[in-house]
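The compositional bias 'Basic and acidic residues' annotation in TrEMBL covers 1-15. The N6-(pyridoxal phosphate)lysine annotation in TrEMBL covers 204. Marked as region 'Disordered' by TrEMBL: 1-23.
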Ligand SMILES: *Cc1c(COP(=O)(O)O)cnc(C)c1O
């Protein structure tokens, strides 16, 4: 039931039904929320599959089955946050292991690797640009244990050649981890391209309504089953479990994931084209969206993404002062971190999501002070375009 094949239901159908049957007790069409922490045992060594909710909870198991199905995974674990999922994945490694991570991974992942696990687990982390094949090749060592990347990356939307990274990792038997948060399994299916583990901040597109923190780790059916088993063991051992009410909220959100993603991506494409065609007039020096032919890796994005997603990055004339004014003057794009919700957001990576990076690192990555990142929501595209037109043309596009 977890492998995609021609006779399987489509993604839209599985988003609604995967892992879910009407409740055998009452016929409820929606999965019940089991808040019980403990379950009555029928005798010594006898129970109905549940003992204590950290080890297994009926609501969480349904969500995990649905997530695994949508991602094409053998197993998925539902964690309280994206970082908790990331943290649990890193527990697969032995202390002192060599990890290669994409140079512009999400700020919180950078912090976890560089400021926490380097110290507490002795992880030896090399940061390289994964969209440069030679850099990846040069960084791999015979003892490399894990390659960790995001594609498209944040905030510059660099596209990583997933098949190439997988091929390099396999030469030394390293695990590959792809943070698929920016795409969701609707836009990109890394496990089908040979990646071992997909992680998500389900806080973003998977939940999509900015009212939940949640994380997911999903293991490929083609990866040694011992990895999935170990991840489940670690989820229980470290207590990285999503609570049942959050599980139910996320399960409901998944039902509209395909609808939302289709609208997100359609809006983003129309907005990117509008901004691109009016770059000079609107004072935009650089516009980045993987769906635009002008994106340096557009061909690669077309090959490996089923849809280009909803994130757009733009660099403006007038430096930080104008970037700030534009961000504040937008009416529908709320000035806030995070992404993937039904409402549109705008943020300033240099002072918000990427403030954790040392200034010279931000400079090196191109996270400049005139850069704004848009998370395009599912409002009517005409309203969003009008908002951007007013905001950008109203604030001195010199
Ligand atoms: C938000 C985010 C995370 C962290 O997830 P939380 O749910 O905030 O813990 C990790 N990776 C990416 C790409 C993100 O956007």
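In case you wondered, yes, glycine gets a Cβ from its N, Cα and C as well.
Computed from a predicted structure; not experimentally measured.
Non-local neighbourhood of residue 204 (N6-(pyridoxal phosphate)lysine): 82, 181, 182, 338, 339, 340, 341, each in the same chain, at least six residues away, with C-beta under 8 Å from its C-beta. When secondary structure is read from DSSP and collapsed to three states, the residue listed as 'N6-(pyridoxal phosphate)lysine' falls in the coil class.
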